[in-house]
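For reference, the structure is listed below as structure tokens.
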Amino acid sequence: MPTLWIALFALVLSVVGYALGRRRAMVSADGDIRNLHSRPNYYGVNAALTGLVPAFLVLALWTLGQPLFLQNSVSGMISDAQIEETGSLGLVMSDVRRVADGLDQAVAEGAMDAETAGNVRIDLTDVRARLGEVGVALGSAVSQETLRAAQAYRAQSSFGDLLKTIVVLGIALAGISYAVMRTNATFRARNVVESGVRWLLIAAASIAILTTVGIFLSLIFNTVEFFRLYPAGDFFFGTTWQPSFTGRGGSSQLGVLPLLWGTFYISLIALAVAVPIGLFSAIYLSEYASPRVRSVAKPLLEVLAGIPTIVYGLFALLTVGPLLLRVFGDDTVGWMQGGTAVMTAGLVMGIMLIPFVSSLSDDIINAVPQAMRDGSLGLGATHSETVRQVILPAALPGIVGAILLAASRAIGETMIVVLGAGAAARLSLNPFDAMTTVTAKIVSQLTGDSDFSSPEALVAFALGMTLFVITLGLNVLALYIVRKYREQYE
Amino acid sequence: MNDMRLIERAVDMDDIKISARDVQVYYGDNHAIKDVNVDIQDKTVTAFIGPSGCGKSTFLRCLNRMNDTIDICRVEGDIHLDGEDINDKRVDPVQLRAKVGMVFQKPNPFPKSIYDNAAYGPKIHGMAKNKAELDEIVERALRRGAIWDEVKDRLDAPGTGLSGGQQQRLCIARAVATEPEVLLMDEPCSALDPIATAQVEELIDELRQNYSVVIVTHSMQQAARVSQKTAFFHLGNLVEYDETGKIFTNPEDERTESYITGRIG
């Protein structure tokens, strides 16, 4: 039975469990809910959850674990000679899986009957051609050994699926009946459900955290691999970025400094645009605007945050770049050679960041107690004096936090840079020069046909890691600042 | 309550500082203050008492136009400060609030140092020529707020780190630092313990030497202790306004008597 059907079936069982639990509780209370410890719904939910949660947990683990288990047990059947011939065990095993899935598919589509599929022999049938008919393409003719392994794979996996169905539904049934058995008028179903809800929330939170850890680990292995091939000193302190794709190894210069400088410079310009505009609009919206204006203007401003960055990139490439070129190009002052430049990307990125700064700052300024405003106005301060001397200082930690969050957004931004800043990695002070950033180079190192064992490709992971550490540091700093000064007015 | 003492208490000055005529206040459609007429004397403590929601705070906020900051609030009628209509278009509410200071119910020191809190008003209004003069103003204000001795060694510490009573005295010091002519106090002791309350009350009595003080309070004992004149508000009306001794011993209106004896509230 496919996983989806098992899940649906378990769900149906739990609905039945809900009804049973609820009814049993009502019966044990002689139909009067005042005799129950909890309201009847809680007994129902308790029965449903006791069955459903462990069943789903086992289902998820089993579905993830079964392929790994089968892989191990079947790979023993592959001889060393076969592995040598194909290249690696991984490739053989992927062939095995394809053949196995192909046979299953052929049976499902009626191209073979189940018995034929079970007894396919390489010397009697052209397996590759037959599978090709049902749309499963194989790279080479199937060897006897692969076919045998595939048959074993099929047998074990269908046995595993059957076992999975039985175990999962069994657990669901057992859980539901246990919960229904326990149900009586004095059973504290409400407390049980309450702690169940707590665990559900904990699980959700830990998934988010574990994913972060997982991303970090996936980066770190490749980064370590990169530093084995390329000296760390040259990476961190090299001032030239010149990856070579023709002569592999040795001839590439992979210094990160030009990229970091580009990232830093573009982010700086972006923040120089976004912080004043964002902050001022936040002050206007929260302090001066009438509720009507605010209710229209704030969503409009936040629309900016909803525009995909690739659209901003196009805006940079087609509008801002040519415009800047006309003003600062060869025709006038000659500072700018092409439309793609640090300034182009920085300006457009700044526009993108305005809603981040303004929306967060607006919330923070609104959180400053009215008593502060009254106190200042009551002393004869004007509105802008109040904003400047009382509200902004009170909201400053939050505003700094908002700015740092915008900064980490700027550092991680890719599409605007790819389209607006050019691709040349260089260390220059002229903001009208084309430069590039860490993110843009990660894209260019990994696009196309890349060999994942060369330093030229692996450097992308080291770059990703560097970015991750920088933005993580900024976020931690932002949190620290916000937390340290948060309780100043209370 | 010591009735004898209350009766003996006389008002030394007869100068009218603020006179309000036919004041109406609306919050949207809600008529919060109805036909209030009152004359507040100079160098006198005037107490506003009355049950919650009777409009005493609202009326207090009319006196320095703090109600301007509330969008839906509308004020009608004449309020004159030293004979000048404060609701006149030519009057700058900012200037008015410098003359009519205000202390709020909850202590609201700014998230700045104690010194900067006290120096806030003087700095804004340019009252000091230089740092030394500012220091002097701050010290005088903090002394008047009866908090100088407690904070003189830590003027750089944040004002929000003080205790509730100290914070409120700092707020009073902050208000008197701008040398206002009238000081409005909106339940200044409601968040304070009895000791801090006693300190603030003592302070109010001292402030009477220089200012006209208007205090809103829920505590009738407090009104009796600190004020020379008392106004009783009920449901947006000014029911009775007279010398404090008279209000508490021999009120003319039935409602006043019911309130001070605890029958309505």
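Each Cβ is built from the backbone N, Cα and C atoms, and glycine gets one as well.
Annotated domain 'ABC transmembrane type-1' per TrEMBL: A:260-478, in sequence order. What TrEMBL lists as transmembrane segment is A:43-64, A:162-180, A:200-221, A:259-285, A:305-328, A:340-358, A:390-407, A:457-482.
Between the transmembrane segment (A:259-285) and the transmembrane segment (A:340-358) there are at least 3 Cβ pairs closer than 8 Å, counting only pairs 6 or more residues apart in sequence, which means the two stretches are in contact. Comparing A:162-180, A:200-221, A:305-328, A:340-358 for CB pairs under 8 angstroms to the transmembrane segment (A:457-482), the maximum falls on A:200-221.
Highlighted: of the candidate stretches A:162-180, A:340-358, A:390-407, A:340-358 has the greatest count of Cβ pairs under 8 Å to the transmembrane segment (A:305-328).
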